[in-house]
Amino acid sequence: MSSWPPRVVIRRSAGLRTMESALARTGLGPVAGVDEAGRGACAGPLVIAACVLAPKPQAALARLDDSKKLTERAREELFPAIKRLALAWSVVSVPAAEVDQIGIHVANIEGMRRAVAGLDLEPGYVLTDGFRVPGLTAPSLPVIGGDGAAACIAAASVLAKVTRDRVMTEMDETHPGYGFAIHKGYSTPLHMDALDELGPCPEHRMTYANVVAAGVRLEQRAGRTG
């Protein structure tokens, strides 16, 4: 008897290419990796990327790793190289208002589906970072710490992170005072102090507890001085 998809045997091999190599050996390529940026932020979009790399490792991508472990300069250097050398890539942005409407987990799953659907080629297998994504058109596997374990997920993490960081830097100009270019919408002390002083802006996730609390405190102060 045969089964589909075939059983994948992960052998000890070179670094981040282990999973993709194992899947390719069983005829399940091309392999797409999917990752997000901004899940833990309280402002700005959730950005999701999908990426399919060529089977043969390329020198320009040798420094690929989890985007959070890379310096900003390294990410910026890898970003155009990934887009140039990848067989296919796709980036999806889910705005803060949609995150509020459907919730961060659903937004993450739906964004991953959209990113995979946006690829210029149909993947034979999809590796996702951290959790299962139902509704994909290809077999998939959630990989804990995937952005540090599979090159295609690491590439997707860089695409998502750099794209989102640039969006947040631009947002700092349209919504000055919050420091978005510095903290990228995450709940740092600098951001929380600005949120307390200014109240939420349209790019904040209005259903998040700390954003709600800041809005309430601002209204209370306005009531006392009104």
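Here the Cβ of each residue, glycine as well, is placed from N, Cα and C on the backbone.
Among the features that Swiss-Prot reports, divalent metal cation binding site is placed at Asp35, Glu36, Asp129. Around the Cβ of Asp129 (divalent metal cation binding site), the number of neighbouring Cβ atoms within 10 Å comes to 27. Asp129 (divalent metal cation binding site) falls within a strand when secondary structure is assigned with DSSP.
Computed over the domain 'RNase H type-2' (29-220), the whole-number mean pLDDT of the model equals 95. If you look up Swiss-Prot, you'll see 29-220 marked as domain 'RNase H type-2', on the strength of sequence analysis.
Listed in sequence order, the residues of the same chain lying 6 or more apart from Glu36 (divalent metal cation binding site) and placing their CB within less than 8 Å of its CB are Leu46, Val47, Ile48, Ala49, Asn108, Gly111, Met112, Asp129, Ala160. Residues Val34, Ala37, Ile48, Ala49, Met112, Thr128, Gly130, Gly146, Asp147, Ile153, Ala156, Ser157, Ala160 surround the recorded divalent metal cation site, their Cβ atoms falling within 8 Å of the Cβ centroid of Asp35, Glu36, Asp129, which are themselves excluded. The Cβ neighbour count for Asp35 (divalent metal cation binding site), using a 10 Å radius and every protein chain shown, is 32.
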